[in-house]
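Input: a single structure, listed below in structure tokens.
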Amino acid sequence: MLNATMWLSADSLHSHPNSFDSPRPSRPQASSFLQMNYKILIPIPFLLQDHCFYHGHVSGHPESWVAVSTCSGIRYSQQRQNKDYEKTKARIMEIANYVDKFYRALNIRVPLIGLEVWTDRDQCIVTEEPNATLWSFLQWRQKLKSRKKHDNAQLLTGVIFKGTTIGMAPLEGMCSLENSGGINVDHSELSIGAAATMAHEIGHNFGMSHDHDGCCVEATADQGGCVMAAATGHPFPRVFSRCSKRDLDSYFQKGGGMCLYNMPNMKDLVGGKKCGNGFVEEGEECDCGEVDECTNDCCNANNCTLKEEAQCAHGVCCQGCKLKQAGTMCRGPAGACDLPEYCTGASPYCPTNVYLLDGSSCQYGFAYCYNGMCLTHEQQCLQLWGYGARPAHDACFEDVNAAGNAFGNCGKDDHGNYMKCEKSDAKCGKIQCHSAAKKPKGTNAVSIDTTIKTGGIEVKCRGTYVYSTQDGQGDLPDPGLVMTGTKCGEGKVCRDRRCQNASFTELETCIAHCHGNGVCNSNGNCHCNRGFAPPFCEKPGLGGSVDSGPVQYDSECLHTHTHIVISGVLFCCFLTEKPEQQHHVLTSSVLMCRPLEEALFTQQANSGDHRVIVYQT
């Protein structure tokens, strides 16, 4: 589930489009969901017409693209809503409808699960300084997780940021407790504008960088270009480039997005139970969509029941309408910090994804696992500079990052000023590398080369500075900063731009129960080595854990495709599954995202005086 927080000025749409073909609502939409009112701190219902959001194309033009709301008449252009909460919420759902459409091309769904509107006071700092707003919102989002389980959160606001920045999100932040979210300005008269920005920022969370020259061959400038362009305007982009898709694949291959493999609670989906919405809900045996779109041989589309003799219709543990044998591997490990899962023989779905508990050793003891990823300075140098790059001498980090300027720092303070790194925090500031490359990867990245002397020897330090085309404001926190969770010393990791003691109490407690014959997974349970049985690895057995399903070592590893569903403004994110395919579920606050494929706009943002928080699964 991906839940995101949005600030939204009250606006809506009016107009009359050309005729278009749209045989069905695009996804389940809200008949009711929960709005949190901070004045009274209780959930209150919000009612909206059922199934009034559509995807389709213009009649006679099969290559055309339309996403429409008919909840208040067909609407295409925005007008001021004068603090009308109902119209504000309707606009949010239109934005969600567009984001869902964008991400479907990447097999990601974005169902709506809820939202929060801040009408009394802001729950985090929201100013014209985007960095301060982003980090304040991400800190607030950590508190949100305790009352609303989610994978990602997005804030939508009417406050206009400095320069041309209309959104900001941490790169590869998806699923991270500290960094899984973003901020977005409601900057356009058209809801598709805010949707394009939100899709862009979610893309950054998924590891997508800005497109460089030659990336976007999927759409011309007249067609809006691609979602991950560094700068764009009207017409707004709707498609992801091949470079974005490659970035997404790379992110998953190295273990990113571990929270996305789990199916969301279908009771959280907005719109209520409905056969034909593509989600298997209570009382349904299957759901393959509307009758005219269903291609599933195991499911009756008209009543969402299994066909005669079928045991299942969906899930990676379902093949030919039959459940796969218990012990069949359904999800292999993705990276050094992931663990495999196996079919149970009783469910068509792969067990909930688990991975090594944070703090587990990886990279031969030189790094720690963090959110299922093994984060190292080496990996980041390779990502920024390419093949052959490696971290520079420690003296480079200490000398360059003590400057407290654009080229060496430990991030920015609440006023947007660069902060100097203390010596103890230097390896959590700007990454310093050795590389034979002429420049870092990316069209707007330049090398900052510094030569220092250490031990009587001259050492070349190479940093990365990413600039914007206009006033230095961009939509990414500096990608040249060391990533959160990177090991910076024994028992220490980078967090909030400082090298802090890492608490491994949970890991130490768990390991003590595994009798030296296993590792600990993200649920705090032992994952036993082959030859030992869970739960505590002290007895003979096949290995695995109580969470992973029964191990069968002669089973073949399946090659599966990853699908994700994103939900926002109370959206649900999860990956959709088909037979022989694997689904990912993204639970986030306000928006849920799944790998699909911002942009810097110069248009004026709509000034609004209430904030909307959206939750996605």
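Positions of Cβ are set from backbone N, Cα and C atoms, glycine also.
As recorded in TrEMBL, the features of this protein are as follows:
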DOMAIN    79-264  domain 'Peptidase M12B'
BINDING   His200, His204, His210  Zn(2+) binding site
ACT_SITE  Glu201  active site
DOMAIN    272-358  domain 'Disintegrin'
DISULFID  Cys330-Cys350  disulfide bond
DOMAIN    506-538  domain 'EGF-like'
DISULFID  Cys510-Cys520  disulfide bond
DISULFID  Cys528-Cys537  disulfide bond
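If one looks beyond the domain 'EGF-like' (506-538) by at least 6 residues along the same chain, the residues whose Cβ comes under 8 Å of a Cβ in the stretch are 258, 339, 354-360, 372, 544-548, 551, 553. The two recorded residues, Cys537 (disulfide bond) and Glu201 (active site), show a Cα separation of 43 Å.
Helix first, then strand, then coil: DSSP counts for the domain 'Disintegrin' (272-358) stand at 0 helix, 16 strand, 71 coil. The number of other CB atoms found within 10 A of the CB of Cys330 (disulfide bond), across every protein chain shown, is 25.
In the structure as shown, the Cβ atom of His204 (Zn(2+) binding site) sits within 10 Å of 26 other Cβ atoms. In the structure shown, across all protein chains, Cys350 is the one of the disulfide-bonded residues Cys350, Cys520, Cys537 with the greatest number of other Cβ atoms within 10 Å. Of the recorded residues, His200 (Zn(2+) binding site) and Cys520 (disulfide bond) place their C-alpha atoms 35 Å from one another. Here His204 (Zn(2+) binding site) is positioned 34 angstrom away from Cys510 (disulfide bond), judged by their C-alpha atoms. Spatially, by CA atoms, the recorded positions Glu201, His204, His210 include one closest to Cys330 (disulfide bond), and that is His204. Its own atom aside, the Cβ of Glu201 (active site) has 32 Cβ atoms within 10 angstroms in the protein chains shown. Between the CA atoms of Cys528 (disulfide bond) and His210 (Zn(2+) binding site) there is a gap of 42 Å. Cα distances from Cys520 (disulfide bond) to the recorded positions Glu201, His204, His210 are smallest for His204. Under the DSSP three-state reduction, His204 (Zn(2+) binding site) is assigned to helix. Counting every protein chain shown, the number of other Cβ atoms lying within 10 Å of the Cβ of His210 (Zn(2+) binding site) is 29. Burial estimate for the disulfide-bonded residues (Cys510, Cys528): highest at Cys528, by number of other CB atoms within 10 Å.
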